[in-house]
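Asks: Supplied in structure tokens, the structure appears directly below.
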């Protein structure tokens, strides 16, 4: 097992090899010291937000193959000065050295004076400014960027400081020196708010008729950022599009927010309530007068009830706008608002109840509160895991290091293009695909279990199996073979394999494989009348089967296609116990990988051995570490007496011809039908141009990965099925887009472009056809 260790600044990354999942953190620190030359006591290791502490293993932190651990180097503490050095330093200061530095320290204020000057800014009342007391204005909020109706209650200006000269230029007050005290009409409970002059303007009150609206005009309109079809706040809007049909009027604009940011191409729903912005000094603002009633608020009677559950019915209990426990509205002074979910809770409804309001500024309800006992602080040990305590490895008395096997490292990716119970080929995995380890076969979805030979369910059938020669009764003839069922072996103590010790039974995986036979299940065995009508089984051959079969690969694992169960029966095996035997025959249109046609196809598709990410780099580092002691022995006096050591090879070495010799890859060519379909898909012409460049540079598998990446649905994060190409040239699954429309969201999931939901969505048939050819059966389970 190997992992990546990267410094916190990201400038240096190294691979650490020869690890196990049972490697202690303190042992990992020693290996990191060899690579980074950092002492263990100066290392701070972080993985997934946790600081790794000594005493734990990589398995405790769930560190997997090729994962990255971050290294933060502690600063080494400076040692205290010796008595002699301290005396010499004191004598230097006494003799006058460093006097200039000490004097400058005495005279320096380090910016404290500037901070005090800002705190001493004095404001005084004034009658200056564009807007006076009691005038009705619009005030822009610093959070939303929306404009709210308010009234000026006080105007202040910045007073002159003692340092400023009392000249005509200094006395002249700019608008930036004016601060307005306002109170909001809609939110009187907020009290008085102090705002700058640039966020205040005369209240908008003139409605612009539809026929007077023009593109490029800046107006004030109502818009809801979260729910575009509902009433929201008032924003400045620059009109970008105007359209009128026989039955509807459509107005689109760019919503202006804070700091010059904006929301583009948003549809304005309330086209009859577009207001003209009152520019300064053009018209006098409205002034509060006893003889005139105050102006009507813009949202009065239009926004509807604030609570959509109880419709603001005071006599109806509600758990949304009232107490979340009892739903009562009484005693509002004894209600607490959660700072996370904004729900209200009575003090006496909590468990346990509270006698008074807590003095803390923030309070969280029991559902939102984080249990501090479950939080692992920096420097603390991990909490005990109940799940890991029940594992066989935790209760075993064996001292064997089981963490070095590739079957224990865990999957880094998972096949999601088809469900786990998928019968038949995996889309995008042709016959002849090779992997070095079983965990890679699991990641591809061809055979998901890491160790088990059969993948299936006793009530559904078997989906795949691995022919690895684990049973002496197996007979492999290439296009057909006799397979031995599972079970009958004592695997207690976390064993991987053992000898036959009891009879096998037609249960679990054995029954699942029997269900693939086209005949009723029978406890005594059965034979299919038409074996081709049976359920397909994906077959993977492992290199360990080479001791019994000439069809096994020389290295790793190889996918050999689809087989069908012809018959199954029980018999006494070579071990003397009852075993279940299965006869499987090949039923695949793709050629066998051991034939000449299969080898030509493998070469045409560019199928080569696939290694885990970082495996070859880790192997190269291992080779270098082996060569170093070998050179030391050759240079020593006893080098001539050393014998030849034989080591078992675990993979391709740098000096082996298998690693150095590169086979010539033939570029994959699309069929004439596929090329015509790509030309017909004009909406995705740019995407196809980028994808087709990979045909010249890499093998068939790279081309398929590029297609997956280019045509991935942004909603379900899978390859698009029944794709809909939008006007903005994004591809979304039809089911995902229909689900979005049912939720009243009519914008593109990728770019928020407003989509036309009045007409039915149409599937891009050319794109769907070519995806079905490249990934046959990928729509299974969708």
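Counting starts with 1 at the first residue shown.
Keep in mind that glycine also has a Cβ here, set from the backbone N, Cα and C atoms.
Got these off Swiss-Prot a minute ago, pasting:
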REGION    83-119  region 'Disordered'
REGION    129-205  region 'Tudor-like 1'
REGION    212-280  region 'Tudor-like 2'
REGION    293-306  region 'Linker'
SITE      321  site 'Histone H3K4me0 binding'
SITE      332  site 'Histone H3R2me0 binding'
SITE      335  site 'Histone H3R2me0 binding'
REGION    338-342  region 'Histone H3R2me0 binding'
MOD_RES   404  N6-acetyllysine
DOMAIN    424-586  domain 'YDG'
REGION    471-474  region 'Required for formation of a 5-methylcytosine-binding pocket'
REGION    483-486  region 'Required for formation of a 5-methylcytosine-binding pocket'
SITE      496  site 'Required for affinity and specificity for 5-mCpG sequence'
MOD_RES   550  N6-acetyllysine
REGION    623-666  region 'Disordered'
Asks: Run through the Cβ atoms and count how many others sit within 10 Å of the one on residue 332 (site 'Histone H3R2me0 binding').
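Replies: Summing over all protein chains shown, residue 332 (site 'Histone H3R2me0 binding') has 10 other Cβ atoms within 10 Å.
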Asks: Among all protein chains shown, how many Cβ atoms are found within 10 Å of the Cβ of residue 550 (N6-acetyllysine), not counting that one?
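Replies: Counting Cβ neighbours of residue 550 (N6-acetyllysine) within 10 Å gives 10.
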Asks: Select the closest residue to residue 335 (site 'Histone H3R2me0 binding') from the following recorded positions, measuring between CA atoms: 321, 404, 550.
Replies: 321
Asks: Going by Cα-Cα distance, which of the recorded positions (321, 332, 550) sits nearest to residue 404 (N6-acetyllysine)?
Replies: 550
Asks: Compute the average pLDDT of the predicted model within the region 'Histone H3R2me0 binding' (338-342).
Replies: 90
Asks: Restricting to the chain of residue 321 (site 'Histone H3K4me0 binding') and a gap of 6 or more, list residues whose Cβ falls under 8 Å of its Cβ, or answer none.
Replies: 306, 307, 309, 310, 312, 344
Asks: According to DSSP, which kind of secondary structure is residue 332 (site 'Histone H3R2me0 binding') found in, if we only use helix, strand and coil?
Replies: helix
Asks: Taking just the CA atoms, what is the gap between residue 550 (N6-acetyllysine) and residue 332 (site 'Histone H3R2me0 binding') in Å?
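Replies: Spelling it out, the Cα of residue 550 (N6-acetyllysine) and the Cα of residue 332 (site 'Histone H3R2me0 binding') are 82 Å apart.
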Asks: Write out how many residues of the region 'Histone H3R2me0 binding' (338-342) are helix, how many strand and how many coil, based on DSSP.
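Replies: In the region 'Histone H3R2me0 binding' (338-342), the DSSP-based counts are 0 helix, 0 strand, 5 coil.
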Asks: According to DSSP, which of helix, strand or coil covers residue 321 (site 'Histone H3K4me0 binding')?
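Replies: In three-state terms, residue 321 (site 'Histone H3K4me0 binding') counts as coil.
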Asks: Enter the number of other CB atoms within 10 angstroms of the CB of residue 404 (N6-acetyllysine).
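Replies: For residue 404 (N6-acetyllysine), the count of other Cβ atoms within 10 Å is 15.
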Asks: Helix, strand, coil residue numbers for the region 'Required for formation of a 5-methylcytosine-binding pocket' (483-486) per DSSP?
Replies: 0 helix, 2 strand, 2 coil
Asks: Counting by DSSP, what is the helix, strand and coil composition of the region 'Tudor-like 2' (212-280)?
Replies: 4 helix, 34 strand, 31 coil
